[in-house]
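*Asks:* I have a structure here, written as structure tokens, and I will follow up with some questions on it.
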């Protein structure tokens with residue numbers, strides 16, 4: 001089975017599908033599945049754009065709305081995770097995952113699915129320590145703070161993923177696992193992105209939460225994006241005595257722009273007896289059921305259960321009996337139903353509604369999913385909490401009028417002052433102040449990076465300092481780290497044997513025999529300072 005892996009989408013669905021179709025015709029092959037590693041930008045209308053953390057002048061509708069309305073249909077089954085430039089209000093409707101359009105599936109805050117026997121896991125968002133232990137409390141209309149915190153990874157998702165025991169074939173994250181750069185060609189990476197140097201040397205680049213998952217899950221492949229550079233690494237895991245050694249092939253890809261390495265084809269073994277449809281993963285569903293009482297929908301910090309004598313249960317890994325119970329709940333049908341439905345008005349280019357406000361809808365897909373498994377819809381719970389809070393505030397106001405009290409309970413206040421240090425009003429790129437690249441630029445200019453803010457309340461006990469013997473020195477003279485993934489085991493770039501093993505770049509003047517001309521519609525926006533600000 002051939003799987004296309006794409007880095008940051010940035011709403012360029014048409015261009016990505018055109019590129020894959022061009023490749024299929026050129027190489028006389030067929031791509032079975034597309035995986036997108038975040039910044040998908042499933043924007044349906046003008047209200048959704050207001051929920052996307054990008055500078056105002058870069059808010060563009062792009063073409064997803066055509067796939068949402070049914071004007072177009074994705075030619076390839078597409079699975080994606082969220083990044084840090086998303087229509088968060090829409091993705092928030094599907095906390096457990098679901099169809100954002102026909103043939104386009106979102107994995108939720110975290111999730112695991114199967115396709116033709118290949119097990120695919122993923123986690124959405126990027127890591128920020130100050131929001132990590134909070135709940136998913138955000139809801140539209142977002143403030144300037146919550147429009148960013150909405151896409152920050154939460155500890156509950158990492159905790160649930162760490163309960164998994166069955167082997168994982170593919171795992172997706174938007175930001176890189178911290179320390180993964182020690183397993184690839186750092187010299188070549190820093191040649192392309194010199195402003196990463198200090199963070200690489202300090203071992204602060206990337207997500208410690210993703211690194212913890214990498215050490216626990218040990219998937220065969222791990223794909224990421226976010227830093228807008230192609231980078232390959234090979235990590236041999238340290239296993240216990242008697243266990244079969246495992247290794248992970250890591251690949252990060254660029255964003256969808258001309259002359260950029262944003263797409264790669266990977267060959268994967270699959271089960272030909274399995275149907276060509278997306279299926280639920282029983283172990284993951286069992287974990288969701290077991291951890292439903294751990295949900296936190298407030299901005300208060302919340303510690304996950306540990307084996308420290310304070311919790312009655314801390315191990316939520318699943319037995320075969322529990323998975324059979326989930327199978328019974330599903331009526332022994334693990335196929336993910338194609339139950340997409342339009343839930344809001346779609347953008348009309350002939351009648352734009354710039355004053356349209358964001359919507360916060362209880363999606364029928366989530367309602368159906370929760371009903372089948374006895375889960376809690378986070379959107380319903382957040383809405384109920386807001387209503388209760390409003391009633392409480394009204395009561396407090398009435399009491400204040402009668403007794404002269406000016407006390408404010410402030411239950412929903414969120415301290416995000418840390419974000420203010422990285423605001424760059426002159427930024428002319430899609431990246432907002434939360435992007436690690438911009439933080440690297442700040443380092444280059446001699447300014448303190450806001451990314452590495454020690455938070456002693458967050459304990460990543462499983463993150464280890466990588467041994468020198470397993471790290472690739474930044475002085476290594478490897479010709480191309482981008483070939484490492486291709487050389488390891490059976491992974492191949494599409495077209496191997498016919499041409500050089502290099503990932504597909506989209507050329508702005510590229511024309512194949514089929515007459516496909518691939519040129520980015522909004523390319524002019526990025527040309528001026530693309531290389532220095534990416």
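Glycine is treated like the rest: Cβ placed from N, Cα and C.
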*Asks:* Kindly point out which candidate in 228, 237, 259, 270 is recorded by Swiss-Prot as part of the divalent metal cation 1 site with 8, 10.
*Replies:* 228
*Asks:* If Swiss-Prot gives 84, 174, 226 as binding divalent metal cation 2, which of 39, 131, 271 does it give for that site as well?
*Replies:* 39
*Asks:* Among 93-123, 124-154, find the range that Swiss-Prot records as region 'Lariat recognition loop'.
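*Replies:* Residues 124-154 are the ones Swiss-Prot records as region 'Lariat recognition loop'.
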*Asks:* Given the ranges 332-385, 386-439, which one is assigned the annotation region 'Disordered' in Swiss-Prot?
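*Replies:* My reading of Swiss-Prot: the region 'Disordered' range is 386-439.
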*Asks:* Around the recorded divalent metal cation 2 site, report the further residues of that chain (criterion: Cβ within 8 Å of the mean position of the Cβ atoms of 39, 84, 174, 226; site residues excluded), sequence-ordered.
*Replies:* 8, 37, 38, 82, 83, 85, 125, 126, 151, 175, 225
*Asks:* Return the average pLDDT for the region 'Lariat recognition loop' (124-154) as a whole number.
*Replies:* 97
*Asks:* If you compare CA-to-CA distances from residue 174 (divalent metal cation 2 binding site) to each of the binding-site residues 8, 10, 228, which comes out shortest?
*Replies:* 8
*Asks:* Which one of the binding-site residues (10, 174, 226, 228) has its C-beta surrounded by the most other C-beta atoms within 10 angstroms?
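*Replies:* The largest 10 Å Cβ neighbour count belongs to 174.
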